[in-house]
Amino acid sequence: MTIQKQLTDIAFPVMAENALQGLMTLVDTYLVSQLGLAAVSGIALAGNILAVYQALFIAIGAVVSASVARAYTQDKPDDLRSISQMALTLTLVVSVGLGILSVLVGPSLLAFLGATAEVSQRGGLYLAWVGGASLSLGLMVSLGAMMRAQGRAKWPMVVSFFVNGLNIALSTLAVFVLDWGVVGVALGTVLARFAGVMLLWWRLPNRPKQLRLRISKSLFQQVLPAAGERLMMRAGDLIVVTLVVQLGTKVVAGHAIGEALTQFNYLPATSVAVATVILSAQAHAQQDYQLLETIRQKSHWLTYCLMALVSGTVLLLSPWLIRLYTLDAQAISAARQVIWMSFISFPIVTGTLSMTALWQGVGRPKLPFYATTLGMWLIRVGLGFLLTRVVHIGLTGVLLATLADNLFRMLYLNTLYHQKFRSTSLVKKS
């Protein structure tokens, strides 16, 4: 089977999963928009906090995928079960901690970000319900990662179809029939995810029979920098959101609508990245560096072509899509800025996410961690603050700082790759 075929066999089902997840977000945003711009802004801010949670789970999932793929390739069933046990234990611990945090300090977190009292109240309620039940999201991510690394990429996609359909049905019923408002939207999401967890567990190959309380040092050494990289990204995003909040509720709402629509632009990159992690882990386990270079090239150009298609389509349809959410002129203008900048920056994002996935696959997650920490805090946050609070160019400043951050990380990770894996003295320890 060719590398291109292996990439698409893993990436396309993941892309379908992510597209359905994006559809769930769009439906939630549409339902909430019926409750007013304050509700849209509140849930958008809550969504930024939940994105931090999701980032942690995705980081765990990436490490699990790479570790399981190595054990699966080397035909080590005992190692495979051990990794699965430790991954579930880690997911459980992180989920419970995040759930408690969401319930206890949800509204306070939004107020800290600068939201008004009404926005904090509505967003905090959503965060308490969805974040409080973050175990559902954590288990879906970890179980799906285990299945894909063992060549079962289609079943998580089927489960996502079911979960999203159930979420749409439950949330619509809660908002339009039962009049439960924000709580109804949150409950629809949580119940649908728990149903998905049960379906994934039912079909999981090499299913662990018990949790393993002791987590190996090697797994921790992989998870911590991967989680740190995602945390630096999302924590920085939260600070950037505070810059957007200072621009007013209408700009926050428009920014949220633009983000909801442009999330589809990144589906190819994040989906192919999952395949890149798995295949590069297998190539590295075999110490086949020529294969690793082929994987890098194929994954990059596959991502580039797909992102060009999707982001171009979103840009063309944006005048009609935005008006599904709001008719406010200022919010529409903000949403258009987000969509245009997303389209302009897709070639850079392609390189950034492809190289991040490759380094994680070969067991070097510290390098993306360093790149993200420097890029996010020195460039995206620092430059964003300068352009919005000193130069006063508004949302454009935030978007330009984001572009500069992605450019830095792409150049940094590519330079390191060419030094280490394209040279004659190939790295044999990772």
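Including glycine, each Cβ sits where the backbone N, Cα and C put it.
TrEMBL has this to say about the protein:
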- 35-66: transmembrane segment (TRANSMEM)
- 87-113: transmembrane segment (TRANSMEM)
- 125-146: transmembrane segment (TRANSMEM)
- 158-178: transmembrane segment (TRANSMEM)
- 184-204: transmembrane segment (TRANSMEM)
- 301-322: transmembrane segment (TRANSMEM)
- 334-355: transmembrane segment (TRANSMEM)
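When Cβ-Cβ distances below 8 Å are used as the criterion, the transmembrane segment (301-322) is approached by residues 4, 7-8, 11, 15, 257-258, 261-262, 264-269, 272-273, 332, 335-336, 339-340, 342-343, 346-347, 349-350, 353-354 of the same chain, each at least six residues removed from its ends.
Residues of the same chain lying 6 or more positions beyond the ends of the transmembrane segment (184-204) and with a Cβ under 8 Å from any Cβ of it are 24, 28, 31-32, 43, 125-126, 129-130, 133, 136-137, 139-140, 143-144, 146-147, 152, 155-156, 159-160, 162-164, 166-175, 178.
Non-local neighbours of the transmembrane segment (35-66) in the same chain are 25, 28-29, 83-84, 87, 90-91, 94-95, 98, 102, 106, 109-110, 113, 115-116, 118-124, 126-127, 130-131, 134, 137-138, 141-142, 144-146, 148-149, 175, 181-182, 185, 219, 222-223, 226-227, 229-231, 233-235, 237-238, 241, 245, 249-250, 252-253, 255-257, 259, 274, 277-278, 280-281, 325-326, 328, 331, 357, 360-361, 363, 365; each lies 6+ residues outside the stretch with a CB under 8 Å from one of its CB atoms.
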